[in-house]
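Below is one structure, written out as structure tokens, with a few remarks after it.
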């Protein structure tokens, strides 16, 4: 392992500055809230492919799962496949989301709930989204802080200082340019990520060991054995159901310029993600042989991929790889931060203050970018493992919102009473199960999602004739 050189640090700093400048440059494109939240519904399939892929292979997906592969092996695959399946399902419904958004001028899932059901349904879902998105941003802050701490170890930079720096970076171009800045920086980050992380590091790892045969001979084959328990089952259900109501992907579907762009962008972005699953798994396994003491040295298995880059790459390429790794967190964090801001200001704030002008709403969105990002920072300082932060945020949201979101889009017999009881019941069971210590070793999302589905169907059918709701 070599020390980071001035060249490496210069590349990283210039890259970060470049991303900030690109984000700020798009300020001039923001004329109204439609531009800020859904990029004026102008996104074509190529841009959607890049932003979808860059967003879903974020810090928790790459660093967190590589860490899981490093410590426990096949669980990294077991939890990735359900999300992959869910995203392919979402690709099939993305065109419908785009059509509904364009026809009804709907920009978010809570807005769809308001259109179909009630203001109360919109508010309940919005509150869940804000907290979930903050938790997901916190996961990216955690992952980014881990890297910044590694980069600045010789200067005495702490995890806390790294987390603060990461949060400030996320705030600047999210607040400045909304979805325009987010998606077009995502395009640049996508290429950095694919070339200098997902291609360069695996190839260099094999060359470092000598050849693939050396890796295979030294591999503990028990790490390749699929296994499942209640905890893993809970994670699987969480990932699968979450994709149905992933607010950041709904936002991108709403932002597509037409139905075909939404479908193709989601499909190709997900297809690229499918390839990266195997590459992340490989990086975690190969790091066992090259860096057997990552956790002892850095305090977290999240450090596996950046530690691998520093260990095997020459100066210059190390800087490019670390810049690519940082781009992972940036591309995911800005996406989720923007969704939390949109939900708080547009779906909660404007819902109670309908007289709010578009100019005032954009100003409030920029202010809340700071406030909500600081909330995510507090979460990241409390829970310093990216995967744990992510699953904490996603589990209750998946249990309470996944099936209702699908029903809002397709099921004409879904009612306001059914939707509200499903969301509240799913959330309550999920939280209660977690507080009870996950009885039988079963993850909390499973009972929460089951109760949510049962309440959605039974209550809706019982109230449909008296309280029918319009379809979108």
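Quick reminder: no glycine exception, Cβ is built from N, Cα and C everywhere.
For 6-27, 47-70, 123-143, 163-183, 190-210, 230-250, 271-291, 303-328, 363-383, 389-411, 418-436, 448-464 (among others), the entry in TrEMBL reads transmembrane segment.
Of the two recorded stretches, the transmembrane segment (363-383) lies close to the transmembrane segment (123-143), with three or more CB pairs under 8 Å once pairs fewer than 6 apart in sequence are set aside. Of the Cβ pairs linking the transmembrane segment (47-70) with the transmembrane segment (123-143) and spaced 6 or more residues apart, 3 or more are under 8 Å, so the two regions touch. Within the chain, the transmembrane segment (303-328) has long-range Cβ neighbours (under 8 A, six or more residues past its boundaries) at 1-2, 4-5, 7-12, 15-16, 19, 54, 57-59, 61-63, 66-67, 70, 143-144, 146-147, 150-151, 188-189, 192-193, 195-197, 200-201, 204-205, 208, 283-284, 286-287, 290-291, 294, 297. For the transmembrane segment (163-183), the neighbouring stretch richest in Cβ pairs under 8 Å, chosen from 6-27, 123-143, 230-250, 271-291, 418-436, is 6-27.
When each of 123-143, 230-250, 271-291, 389-411 is scored by its Cβ pairs under 8 Å to the transmembrane segment (190-210), the top-ranked stretch turns out to be 271-291.
Long-range contacts of the transmembrane segment (6-27) within the same chain: residues 151, 169, 172-174, 176-178, 180-182, 184-185, 188-189, 192, 315-316, 318-320, 322-323, 326-327, 330, 334, each at least 6 residues beyond the stretch ends and with a Cβ under 8 Å from a Cβ of the stretch. Spatially, the transmembrane segment (418-436) is not adjacent to the transmembrane segment (271-291); fewer than three Cβ-Cβ distances between them are under 8 Å for residues at least 6 apart in sequence.
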